[in-house]
Amino acid sequence: MDEENDMREWSLDDEILLFDLMCDFKPAGHDKDKQMSIIVEKMNENVSEGTKPFSADDIWKKLGGMYDLERVDELEDYIDEDEDSAEEDGAPNEKEEDKKEDIDQSSKDPDSSGLSDVETDMASEREELEVPKSGSRGNNKNKKDRVRKVDTKEDSTAVETKDAEVTNENEDANDDGDDNNEEEDEGNDENEQEDPDDDDQDDDDDENESGEGSLQKRVTRGARKHQHELSDQTGTPKPKKRTRSSAKLDAVETPPPSKRSQKTATPPAQQTPTASAKRRKKSEVQESDADKSNTRRSKRSLVPATTPSKPQAPPIRRSSRKK
């Protein structure tokens, strides 16, 4: 009961003032009694008349109910001991040692005063440039990333150049293929012009063999051998040898209708020019060249006789295929 009566009643203003003083004067460590006496004096300055003044016991009780004072003292004593040991040993700072070394060197070499200043500047710059290991690793990672980016860019450019070379080679091959196709088409056109004579010879051969002018079916190699065997057995005369090549005999089994009959039976229909018209055949080109030559002859006949007549140049054969 006596302790409860001895407990001081703290107002809000008193607690705020105590916390402010705690920040300025910490009652812990070796100087906790000295700091507490200052806090008591500051607290009693604002006490009104008729109120009980603050004592050290009142403040310690208040702080003991809020903090673990023993733990605070242990931590504060440990910090104070480190500071005291450093002061007792009198260990100079690293900067002071560097300054002393620079002074000693300058005293030994009077002419090297400028060099000592340069060395101190270099030492300070080195200290500034020193970076922890984590930072150096980060810089190394950034460098590696940059190197990788440069490598990827070089690889991409190399791949692009290779693709361009491949496309150029393909284009050249396609151009060569187009030229070869054009030559084959021209050769086929010439063969088409020569085919009517071959067809006429085939028709004549067929008429001679039949004796009646009727068209017989072309015979394959197997059938021809079979006919030879039958003729050997029966004694009938063998058929005449065909003049056509074996490749054409193998490729075509049935003869196409002769072009003579096609020309006589059905006249060629007039072709209307369209946007997607096929290229003209060489026969049509020759007809157009013949028409042009006739017009030239008619014009030459109109020229007066005084002008000397020049020999007619043969018509130039031009291919209508676009190259």
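Glycine is treated like the rest: Cβ placed from N, Cα and C.
Annotation comment: Swiss-Prot describes 74-91 (among others) as compositional bias 'Acidic residues'.
Positions annotated as compositional bias 'Basic and acidic residues' by Swiss-Prot: 92-111 (among others).
Summarising the annotation, Swiss-Prot assigns compositional bias 'Basic and acidic residues' to 148-165 (among others).
Taken from Swiss-Prot, the feature compositional bias 'Acidic residues' applies to 166-210 (among others).
For 218-227, the entry in Swiss-Prot reads compositional bias 'Basic residues'.
Per Swiss-Prot, the feature compositional bias 'Low complexity' maps to 263-276.
Feature annotation from Swiss-Prot assigns compositional bias 'Basic and acidic residues' to 283-294 (among others). Non-local neighbours of the compositional bias 'Basic and acidic residues' (283-294) in the same chain are 193, 312, 315-318, 320; each lies 6+ residues outside the stretch with a CB under 8 Å from one of its CB atoms.
Per Swiss-Prot, region 'Disordered' is recorded for 74-323.
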- Task: Report the DSSP secondary-structure composition of the compositional bias 'Basic and acidic residues' (283-294) as helix, strand and coil residue counts.
- Result: 12 helix, 0 strand, 0 coil
